[in-house]
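Colleague: Before anything else, here's the structure in question.
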Amino acid sequence: MGLNNGKVETLMSDFLRKSGGVAVIDGGFATELERHGADLNDPLWSAKCLLTSTDLVRQVHLDYLEAGADIIITASYQATIQGFGAKGFSKEESETMLKRSVDIACEARNVYYERCSNSASTFTSDGKILKNRPILVAASVGSYGAYLADGSEYSGDYGDAMDLEFLKSFHRRRVQVLAESGADLIAFETVPNKIEAQAYAELLAEGIKIPAWFSFNSKDGVNVVSGDSLIECAEVADSCPKVVAVGINCTPPRFISGLIQSIKKITTKPILIYPNSGENYDADLKQWVKNTGVPDEDFVSYVNKWCEIGASLVGGCCRTTPNTIKAICRTLPSRSSYMA
């Protein structure tokens, strides 16, 4: 099931209706790859696995689908033509790897549907959910700061690169390639400042044929991480016709309720939230600080409140797992018809 047909304004609302009112996004991807043993100590981060571990990428997508996710996000967050170029790959090879990130996710969806068709039960003895349902593939686009791999996606401070035309030029071809790769939508993730949101919005107006969502990150529960107003950033997303949802990712759970209420003030578009586990990231050590987050049961305890106050797409970001997503599905009333 794709979002490519019909009017952009109704695409997400139709998908949400078919999902029971609330759709579930997958969870942490790079941290899940690491949990399986992948070494991501590289400027390419999770995109390194597009070169070395495609089977593992596919398996993580499958794990999330079998946990109940309705939307899986590709391993392209830190995949850029410039980043691959720095590793010695040609422009053509780099574009091929971007497309491959979408191909792998689509393959995982096809495998999942095949498993659903061959299964006699929706809920298997080992806890897997095998329900034939609409599933979307979202092509991830990380910020310029993610490409820099210096933690600036958590500050939004790009120095001399804080320039609209520069950011549009940096992202343009990558966005074009992902938009033409077979994904259902583009997920502009962890957007740290207003100028990059504006760059994305203007790129979407340059003939991009598929819809998108914008998700911002915050470290104070009021503004985005750069200090720019969340309201103003969300207004950029709201004013873009191609944007079908707007929200928050990679932000501690304790801030989410207030952020949803702020976004609700300026948009009627669906609100998406996929927080991190609440753990802190040390940009100097390039690792998550253990024991600074919340356990799955506490994370999930927030979910129904988030939905009650306006969220209609819910999942997890860094350090959340398939078990987190399964627990989210269990707590959603719309899933009670097939969750044991």
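Cβ atoms are placed via backbone N, Cα and C, with glycine included.
Pulled these from TrEMBL:
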DOMAIN    11-332  domain 'Hcy-binding'
BINDING   CYS250, CYS317, CYS318  Zn(2+) binding site
Colleague: If you draw a 10 Å sphere around the Cβ of CYS250 (Zn(2+) binding site), how many other Cβ atoms fall inside it, taking every protein chain shown into account?
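Modeller: Looking across every protein chain shown, the total is 24.
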Colleague: Neighbours of the Zn(2+) site CYS250, CYS317, CYS318: Cβ within 8 Å of the Cβ centroid, same chain, sequence order.
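Modeller: Not counting the recorded site residues, we get GLY28, THR190, ASN217, ASN249, THR251, TYR274, PRO275, ASN276, SER277, GLY316, ARG319, THR320.
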Colleague: Which of the listed binding-site residues (CYS317, CYS318) has the least company, meaning the fewest other Cβ atoms within 10 Å of its Cβ?
Modeller: CYS318
